[in-house]
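Written out below as C-alpha cells is the structure these notes cover.
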Amino acid sequence: MVKICCIGAGYVGGPTMAVIALKCPEIQVAVVDISVPRISAWNSDTLPIYEPGLDEVVKKCRGKNLFFSSDVEKHVSEADIVFVSVNTPTKTQGLGAGKAADLTYWESAARMIADVSKSNKIVVEKSTVPVKTAEAIEKILTHNSKGINFQILSNPEFLAEGTAIQDLFEPDRVLVGGRETPEGQKAIKALRDVYAHWVPMDRIICTNLWSAELSKLAANAFLAQRISSVNAMSALCEATGADVSQVSHAVGKDTRIGPKFLNASVGFGGSCFQKDILNLVYICECNGLPEVANYWKQVIKVNDYQKTRFVNRIVSSMFNTVSGKKIAILGFAFKKDTGDTRETPAIDVCKGLLGDKAMLSIYDPQVSEEQIQRDLSMNKFDWDHPVHLQPTSPSSMKQVSVVWDAYAATKDAHGICILTEWDEFKTLDYQKIYDNMQKPAFVFDGRNIVDVAKLREIGFIVYSIGKPLDEWLKDMPAVA
Ligand code: UDX
Ligand code: ADP
C-alpha cells in the first residue's frame, strides 16, 4: 500500500489530501501538523476551515484511509511520498524583507524529513515557494540523507478557496515538475499515477522543476494582473461616466481575452496573489531585471490604490469626516464562501476608516470576532505566521464591534460598506435597513452586488465601483 503524508494541515494540505484519499481508496493518507488544536479540529465535527463540500469528503474517508495527526515524525518516516504544504510568509526582516518568502517553516520541515527518514522518499513541494527552492531543499535533504535517496518534485496547487473541492475534482491542469534524470522521471510517474485516478492524462503536465515552480507564480501574477487592469479601468469609468461592468462584458467577449476574472472590486486579497507577485518581483530584481520587476510591482500598487480610493470615497462623501460615525462593514473574508481573511481588502479599508476615527460594526457569516480583532491589530505581512507569534489586540479596538447579523450591524449606522460578495447580502431587506439608519444613508458597494437603481429608489446614496456616480458624489475628490 502506498503511503502519503502531508506536512501542514492548512487551506491547501487539508482539502487536497482529503480529495486524494477519496479518489484513491487504496492509498493511505496522513495529514500532520505541529498545531495540536488544528489537528483536533480536523478530527472533530467542526473542521478548522470553511469550504463548501469539504465536510462530506472528510466524513467519507476519515478513519478509513485519511488520518489527521500531530505525530509528525511517525507519519513522515512511514511515508513513500511526503507533501510539504507549510506556510511560506513574506519575510518581515533582513535580506529581502517585504518581498522574499520566509522559508523558515519549509527548512525546518525539510530537516525533520532528513532526520526521521529510514527509507527512500519522494518529497513534493506543495506550498508556493520561490523558484529554485526545490534546489535548496534538495541540498538540505541530500546533505543529511544518511544514504537515503530523496527525489524532489514540485506540484503547485491551483485550487481557489471557496471552490477548492470542485477545483480539486476537476482541475484545469495538474503540474508535476521533477529532475530530468531517470530517478526524477520515475518519481514524476509515481505522482502522476496518484492523480491519474481521477484526472485525465492530457491534463497532467510534466515539466522540469523550475518550470513548475515558476508557472505557479506566473499564473497567480497573470490572474492578479487582470483584476488590477479592470480596477484601473473602474477609476477611469467613474471619472468619465462609463460603466465598468459594460466595459468588462464587451472586453471579455473577445475570445482571446475571455470573460472570467474581470469583476472590478475593492481589490484582490487572499494568501497568494500579493505574496506570489512580491516573490516574482524579488526574483526579477535578484536576476538583474528591474524593468520586469517594476512591471509586476505595478499590479500591487494599483491594488493598494483601489483600496485607498474606496476609503477616500467614503470619507469625502460623508462630509469629509467619519469621526464618531457608525459604519457597518458587511463581509470581512477576502472572498465569499471562505472564512479566510489573509490579505483581505477589508483589513486596509477598516484600518483606513479607523484612522479617521470611525466606529465600525462588522458582520461576516464565517469570520470570528477573535480573527477580526487579530487582523486589525496585526502588522502587514504578519498574517501568515502562527497565531502565538502575533500581537494581541490593543485598546484602539474599542472602535470596533463584531456582530452576528447584517441588521444589527447596520442599525443606526450612517453608512454601509460591502466588502465581501456573500450571496446573503444581495437579498437583504434594504428598505428595513434604510428605515433603521441615520440619514442621509450611504451604501458603498465594494463588490458590485447590490441593485443600485432599487437602492436609490429607497433613498440611499449609492457608490458602486466603476459605475456612473450619484449626483451627490460627482464633485467630491476620490483620489488622495
Ligand atoms: C488564487 C488562484 O485563483 C488560485 O489558482 C491559486 O491556487 C491561489 O490563489 P484564491 O486566492 O483562493 O485563489 O481566490 P481567487 O478566486 O483567485 O480570488 C482572489 C481575490 O481576487 C479575491 O479577493 C477575489 O475577490 C478577487 N477577485 C477575483 C476580484 O476582485 N475580481 C475578480 O474578477 C476575481
Ligand atoms: P496554506 O494556505 O498554504 O495551506 P496554512 O497557513 O493554512 O497555509 O497552513 C500551513 C500549516 O503548516 C499550518 O497549519 C502550520 O501549523 C503548519 N506547519 C508549519 N510548519 C510546520 C512543520 N515544520 N511541521 C508541521 N506543520 C507545520
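Glycine residues also receive a Cβ, built from the backbone N, Cα and C atoms like all the rest.
TrEMBL does not curate its annotations; it predicts them automatically.
Annotation source TrEMBL lists NAD(+) binding site at 8-13, Asp33, Arg38, 86-90, 127-128, Glu161, 272-275, Arg342. What TrEMBL lists as active site, nucleophile is Cys272. The annotation domain 'UDP-glucose/GDP-mannose dehydrogenase C-terminal' is assigned in TrEMBL to 328-452.
The structure, with features from TrEMBL marked on it.
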residue	record	contacts (Cβ under 8 Å, 6+ apart)
Gly8	NAD(+) binding site	Asp33, Phe83, Val84, Ser85, Val86, Asn87, Ala109, Lys126, Ser127
Tyr11	NAD(+) binding site	Ile49, Glu51, Glu161, Ala164, Ser271, Asp340
Cys272	active site, nucleophile	Thr128, Asn220
Gln274	NAD(+) binding site	Ala224, Phe268, Ile300, Asn303, Glu343
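Per DSSP, the domain 'UDP-glucose/GDP-mannose dehydrogenase C-terminal' (328-452) is made up of 44 helix, 19 strand, 62 coil. Annotation note: Gln274 (NAD(+) binding site) sits in a helical segment as assigned by DSSP. Checking the binding-site residues Asp33, Asn87, Thr90, Glu161 against ligand 2, the ones whose Cβ sits under 6 Å from it are Asp33, Asn87. Close contacts with ligand 1, defined as a Cβ under 6 Å from any of its atoms, occur at Glu161 among the binding-site residues Tyr11, Asp33, Glu161. Asp33 (NAD(+) binding site) is surrounded by 23 other CB atoms, counting those within 10 A of its CB over all protein chains shown. A coil conformation is recorded for Gly8 (NAD(+) binding site) in the three-state DSSP classification, outside any helix or strand.
Model confidence over the domain 'UDP-glucose/GDP-mannose dehydrogenase C-terminal' (328-452) is summarised by a mean pLDDT of 91.
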